[in-house]
Amino acid sequence: MIHKMYFFLILLFSLFIIVYSAPNRVTRNETSIVYTYSLDSDYYTRFVMYLNATTLRTDIAPNYFDCSQIVNSERYCVFHFADSFSRLWGAVYSRVCTRTVSDPTEDCQSTWITDNAFPEPLNVKFSGYPSTSGGDVVFTGLFLRLAGGPNTLANSFTNPSKTFLIKVHGNFSDPNFNCNNFTATFPPSSGYIKVYFDDTGKSSLQLRYASPTVSSFILDESKKLVTINGDNYFTKNSLVQVFFDGIIQNNINITVNHSQIQVNNFIRVDPGPMSVNITINAVSIDNNYTYCFPAVISSISSVSNHLGGVVTIKGSKLSSTSIIPTIKIGDKQCTFIKSTTTELECQLEPNETGGKHLPVDVNFGGCNSTSSGSDAVTFTYSIPTLSSGTLSNGIVTLIGTNLGTINDSFIQLNSNGAIDNVKNDQFNISSDETTATFKLPLLKCKSFYINFTRVDISANNKPSISAPLLIYVINKPTVSNGSINIELYYIDCPISPSSTPSITVGNSSSATQCSIPSLKNLSEYYQTTCSIPYGTGTNKQFKFKYNSEESNSEFSYEPPKVESRSFSKGLFNITINGNNFGNSTSLIKVYFNGSDISSEIQSLNDNQFTFKRLNSYENGPINITVDGNSNMEPSFYLTLPPVIYSIINKENKTIGCGGLITISGKNLLTSDDKFKVRVLANNENTTVIVPDEKTLIVRANNKDSPLFVSTLIGDDLGPNTTLTYFEPRITVIPTVKNKKDGISIRVGGVSLSGIINASLGISSENVSLSCDLQCSLSPNETFYLSNPILSSNEKDITNSTDCLSCHSMNSIVVDETSGVLYLQLGPTSYHYDVKIEEIQSSLNPSSSNGGERKSSKLSGGAIAGITIGCVAGAGALVGSVFYFKLITRVKKAFN
């Protein structure tokens, strides 16, 4: 009624307005609207959107048509909108402003938005069909509310009896609301409908209510009643049509609005599928529902699996006037022969594998059969039988019938309640299915019975078999106080505490009792422990007896094993500690570094042996064989303590300022703390300068002379000697350097030691000097001379001297060119006339210490031909001819 009023008002207003020319065409898409006019035609300038018949929309963004573009005698008016098209909406009362070619004045009252062509809905999509009980549908598209609503949609403008309003949700005045994406609620109804997006009936979408569905089909044959459950059935019986196999059904009632239909007086005799179609007000089910009327089985006969034969099935609905059934027993087809409503016959071919409790299906047109009782009716072929079972040489042989094949047969052994399965790849069955053989697995108990199954059909007999005792030795005993652990299989179960096994080794006349067998390894077998007499060697025969059964086997003693080594006082003898060496020197062979040293053995027992240490021995592996039994583990690597040959310095009995002492020997760098090499000087530790396996160079920290030098290997004394230091000698007196920051001088000599005092006497004063002693051959030696003829890992220490580096303790100014140098080394005093040379600052640091300088004269004599510096050549002292030259080659590895 409301929509008819809208239409009437528009018609009334149109009588009082001027009708302008219509556009030639309207083009619209997601981003634009274009009106095309003839060049002499009036045209639109903008939209004027209304909320209702009297109220303008004040919230709409500005819009206008740009009509400046003219192409081929046509005017193109392009719509411009300051907002998104999602906000372009208005009532059917909205107008457009127009302008004539001859008059620039806009006319905004004369033309309704729907008078001429206008942008109709575009790209309309919907989320689905509403249920007959009503529901929501989401609509999307463009220009959906340009001339209608906005909060209602109409479904008809011509049939008042079928007209209803569809509610549109959303606040169209909300600037964030998208008027092209909204939800509409449909009232309960059915069939096909039209949905109009404008209030003039120009723009519509063909829609319908959802198709009926079927969720269940319930047949009550006793009442001849069918109940169909589902959805979208609406509420009026007159609108419902139900078809079974295309035949329309009468006596239809909607028993639950929208969701349940009942069909009365339904009768069907034949089994098979039935097609169900439901139509509600011309809207049909999307896909026909299929209901199966099954054949019902109450019993089935059996046939031989070898011969096959006719199988008889009894029940109801076993015959159809239009469908020949397919019958399946297990995974085999049974060929249809004939049937009545209550009985069916089919031919089953031979099946060598047979089967028990096989499923049976009589299928009519895809409809599986059911059973009349609560338990399914199944089919069983002939059952296998076993007549006997024997054991010989570990192989079990079964005799019977219908034993099948390894693929469908299964053998299970039950031994005192423990179950063992024989895998099908571990047994064989004869082609005539009368014999089965398999290797007997290890069982803890002697007696067991056999359960033979074929396709889940157990044989009617379970033969029992007893196996002889079987033993396995699982360890090696030690030479003395040893024992062996024996695994026991096929023993009498249960175990009797009063019955214990015994063992007899070799030709012994007496037996040794073993422990009572106990279960081991998750109860898979029994185990006993037996003591073994003292002995050595391999493959020792023994006899094991338990109850009335005996079993022969053998064992080997554990091989010799080395755990450690030790040395006697003085390191003259070596003792090897371990196990299983025996006590007979005639049965033991010892190899050190591949050489047989058995003859050097001085004492032997099961846990150790001692042999003499020879100087020729070097570190290496030691291997032992006792009575033919070798230690197969990785060989024990024997490391020997150090050997000190001599103290090299003792030939000349002298050492210099550096206190260098050289020790020769072998294995000097042992890592064993018990045999660490130490060198003492006057009972004080020395500092290692050059470490090597064969040579140690150490420095004495004690400067007293004479110097008693002793060596120790661990706590054992080695060679010793007494050394004396060289007498101090001054060999080089260079020119005193007078620098801006003070004066300095470097004095060279031999064996410079003791308390050192120094000063420089000049005419005006006596300047105290502070001196540092730098001994040659120190750990941080700076006086090594490179010798190109040596290898890259060697150094040559040649013609070295000690050095005093003296300098004034304060910055002073000295204007003189000569003076007297006073030196006191311990109790000995020296004084020398020296020259003083002023040293200017230089940009080249190396220029101050390069080249040769003339030496100063010594008091009481002169030194000639000596190069100035702490590394010098030979010097001659006046008054006593003295030549000092120390040449030492030291091999030193560089990292």
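Glycine is treated like the rest: Cβ placed from N, Cα and C.
These features come from Swiss-Prot:
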- 295-381: domain 'IPT/TIG 1' (DOMAIN)
- 560-638: domain 'IPT/TIG 2' (DOMAIN)
- 642-725: domain 'IPT/TIG 3' (DOMAIN)
- N52: N-linked glycosylation site (CARBOHYD)
- N171: N-linked glycosylation site (CARBOHYD)
- N253: N-linked glycosylation site (CARBOHYD)
- N288: N-linked glycosylation site (CARBOHYD)
- N368: N-linked glycosylation site (CARBOHYD)
- N407: N-linked glycosylation site (CARBOHYD)
- N451: N-linked glycosylation site (CARBOHYD)
- N573: N-linked glycosylation site (CARBOHYD)
- N583: N-linked glycosylation site (CARBOHYD)
- N623: N-linked glycosylation site (CARBOHYD)
- N652: N-linked glycosylation site (CARBOHYD)
- N720: N-linked glycosylation site (CARBOHYD)
- 1-21: signal peptide (SIGNAL)
- 22-861: topological domain 'Extracellular' (TOPO_DOM)
- 883-895: topological domain 'Cytoplasmic' (TOPO_DOM)
- 862-882: transmembrane segment (TRANSMEM)
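Feature annotations (Swiss-Prot) mapped to structure.
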| residue | record | Cβ within 10 Å |
| --- | --- | --- |
| N52 | N-linked glycosylation site | 11 |
| N171 | N-linked glycosylation site | 10 |
| N253 | N-linked glycosylation site | 11 |
| N288 | N-linked glycosylation site | 15 |
| N368 | N-linked glycosylation site | 13 |
| N407 | N-linked glycosylation site | 9 |
| N451 | N-linked glycosylation site | 17 |
| N573 | N-linked glycosylation site | 16 |
| N583 | N-linked glycosylation site | 14 |
| N720 | N-linked glycosylation site | 14 |
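All protein chains considered, the CB of N623 (N-linked glycosylation site) has 16 other CB atoms within 10 Å. Per-class residue totals from DSSP over the domain 'IPT/TIG 1' (295-381), listed helix then strand then coil: 0 helix, 45 strand, 42 coil. Computed over the domain 'IPT/TIG 2' (560-638), the whole-number mean pLDDT of the model equals 89.
For N171 (N-linked glycosylation site) paired with N583 (N-linked glycosylation site), the C-alpha to C-alpha distance reads 110 Å. Cα distances from N720 (N-linked glycosylation site) to the glycosylation sites N368, N451, N623 are smallest for N623.
The CA atom of N407 (N-linked glycosylation site) is located 16 Å away from the CA atom of N451 (N-linked glycosylation site).
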